[in-house]
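Copied over from TrEMBL, here are the features:
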- 24-486: domain 'Amidase' (DOMAIN)
- Lys79: active site, charge relay system (ACT_SITE)
- Ser154: active site, charge relay system (ACT_SITE)
- Ser178: active site, acyl-ester intermediate (ACT_SITE)
Amino acid sequence: MEISDMTIKKTRELLGKKEVSASELVSYYIANIEKENKDLNAYLSVFNDDALKQAKKIDERIEQGEEIGLLGGIPVAIKDNILVEGKIATAGSKILENYISAYDATVVSRLEAAGAIILGKTNLDEFAMGSSCEQSAFGPTKNPRDRTYVPGGSSGGSACAVAGDMAMAALGSDTGGSIRQPASFCGIVGLKPTYGRVSRFGLMAMASSLDQIGPMAKNVYDAALIFSVISGQDENDATTLPEGSFEMDDKIFSGDINGLKIGLPKEYFIEGLDDNVRGIIEKSVKDLEARGAVIKPVSLPHAANGLATYYLIMPAEVSANLARYDGIRYGYSVARENSPSQSSSGHSALRASDSMRPSVWDIFVESRSQGFGDEVRRRIILGTFALSSGYYDAYYHKAQLVRALIRQDFVDTFKNVDVLLTPTSPTLPFKLGDRMQDPLSMYLADVYTVSANLAGIPGISVNAGNVNGLPVGCQFLASFRREDLLFRVAHVYEQIVNN
Ligand code: GLN
């Protein structure tokens, strides 16, 4: 069997039988990265030596007949807004170009404890703000299915690494769709867990009430396996849920969805939905019905307000979270750039002379103006405005009230159905460059994904088919902590699609 066709489950089996070694796996992916990454730009950094060393250790343990852990020998990629101790973590921003992580994110230490091997860090829209992976300070990532298209975002590098055969699985983060939408655009599986099931310790905060880390993988089983490793309460993240850890159970993957109630929210099938996407998603409904699922039309009356609510709450939290990048505590600073010993840096605005040192205020303003890209600055300005006195009640407070209504819609609906089925994205992947001049059209890419973050419920995207070689994703949503239902239905669904 070719490594490119191997899932985590299969790989674990072959490692056990010594038909493949961890060193072979890592060498295979490193060779692919060396061949493809220049063009695809999925990785911002690659840890060749560490990964090979790690693989050797796993192989020795196999040789000794020792346990290697649930993910022993599995090469994975990590989004570059998640900390790996001793390694640079840029979050796709110039402001953190040289920032070295002081500790491991909880998800990273859990992956490593389970034997996973970290290949490197993947590209993203700056600070995870974007839907195309074009907002990175380090250049766009391309879609490996068709290199003239975007891979989606913001976890576009992770999606590209998995779909482009440069990692067996990856971690992404999802604040408004950043795991599910790139998974959809690249034809893989992406899970946004229930808020609080996965620790955010060591994730660079974008919007703290919405952020979750989750797996991106080749199939549903692999995504579930990774989720079982990274989920669970963490004393370093007070928002993690007690008893939040997910246990693998073969019953979930029995293939039985007989009687499972699937709701179709009518608000998700309206104008703006591409006809090709609609056609594929409608076929999904018929296929699942044929497997015994019960399809029910449902209504989420406040769904239409999801995007507007998200684009108030998210920037407000962004403006607060990104205040820490002040040119003094972290990363890029005009003060350092212009110190006499580095005077060749080219930034002349603040060239310090003894008589005219820049004020702290100047350092803040200039470091942030030069260090952040356009989209990040746009959101900081929007968020600061929404939180400013006199506007707080009209915008932020109102958005919080609508958020509660959106959440209540889901609570009510899940009394009648087990899961909801929707498209992941209203359109097919778009061409590189197409939406860069039009932020609103970029924001519209999130219209079906943001509500899950606002409500805190889990969602998964699985491939539903292709149009002219471009993948289309189907999204399933479930109630709080019901990832098991997502895996159950998505596992059946991917078998239908693959056959
Ligand atoms: N595309 C959305 C945004 O730009 C989602 C981002 C995310 O989930 N990190 O905000």
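For all residues, glycine too, the Cβ spot is worked out from N, Cα and C.
Any TrEMBL annotation is an automated prediction that lacks curation.
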Considering only the active-site residues Lys79, Ser154, Ser178, which possess a Cβ situated under 6 angstroms from at least one atom of ligand 1?
-> Ser154, Ser178
Between Ser154 (active site, charge relay system) and Lys79 (active site, charge relay system): CA-CA distance (Å) | 9
What is the one among the active-site residues Lys79, Ser154 whose Cβ has the most other Cβ atoms less than or equal to 10 Å away?
-> Ser154
Summarise the model confidence on the domain 'Amidase' (24-486) as a single mean pLDDT, whole number.
-> 94
Ser154 (active site, charge relay system) and Ser178 (active site, acyl-ester intermediate), distance between Cα atoms, whole Å | 5
Neighbour count (Cβ, 10 Å) for the residue listed as 'active site, acyl-ester intermediate' = 36
Can you check what DSSP calls Lys79 (active site, charge relay system), collapsed to helix, strand or coil?
-> strand
